[in-house]
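K.L.:
Below you'll find the structure I mean.
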Amino acid sequence: MKVLHLDSGIFLEQSVSRQVSQNIVNKLKEKQDITLFHRDLVANPVPHLAADELLAEEKPLIDELVQELLDADTLVIGAPMYNFTIPTQLKAWFDRVLQAGVTFKYTEQGPQGLVNGKKVYIASGRGGIYSQGEAQAMDHQESYLKQVLAFIGITDVTIIRAEGMNMGDEPRQQGFKEAEQEIETI
């Protein structure tokens, strides 16, 4: 199985999403042989969209990123919540891999995803608790990820969430415990 592992947590070793995404990869390795490709979107950022970058010199990078996506059977995405959404580094990656005619196409019925049959695990790290209650309305992280993945045809998405990371020691430990319990079910 080919696994594309994306990390976008800016806090590197202290990043909750990096820790959880690595634990997901480790669990996948326990279960079967995998070929792993790791792309660190912080250490090696994908440039943000700009008019000048949409010229021909960007095509090799776009082709490389799209091919990594297409080659993978499984994606593991380390996606922390920053200001209620995903990091700009991860958004820049999506901006490059959403390519009309390659990862989706327009039809008379609307857009149709072309990246089918893949499994995605999202390692979601959050300082607060946004999966329930009034704060759920502020979650533009997981909802965005599910929608953008569905747009390109990927609907088999499992979110492994570590919440409450900045709410004190007890909620932090509970958040990690719940994430680890979810990982054990993979």
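Just so it is clear, glycine is given a Cβ too, placed from its N, Cα and C backbone atoms.
Look at Swiss-Prot and you will find Ser15, Val16, Ser17, Met81, Tyr82, Asn83, Phe84 tagged as FMN binding site, backed by sequence analysis.
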K.L.:
Taking Ser15, Val16, Ser17, Met81, Tyr82, Asn83, Phe84 as the record's FMN-binding set, what's the max Cα pairwise distance in Å, rounded to a whole number?
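P.N.:
Greatest Cα separation within the listed binding residues comes to 16 Å.
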K.L.:
Find, among the binding-site residues listed as Ser15, Ser17, the one whose Cβ has the highest number of other Cβ atoms within 10 Å in the structure shown.
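P.N.:
Going through Ser15, Ser17 one by one, the largest Cβ count within 10 Å is at Ser17.
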K.L.:
Run through the Cβ atoms and count how many others sit within 10 Å of the one on Asn83 (FMN binding site).
P.N.:
9
K.L.:
List the same-chain residues at least 6 positions away in sequence whose Cβ sits under 8 Å from the Cβ of Tyr82 (FMN binding site), in sequence order, or say none.
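P.N.:
Long-range Cβ contacts: Ile10.
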K.L.:
If you run the three-state DSSP split on Tyr82 (FMN binding site), which class comes out?
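P.N.:
Note: Tyr82 (FMN binding site) is in a strand by DSSP.
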K.L.:
Looking only at Cβ atoms, how many others are within 10 Å of the one on Phe84 (FMN binding site)?
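P.N.:
Other Cβ atoms within 10 Å of Phe84 (FMN binding site): 15.
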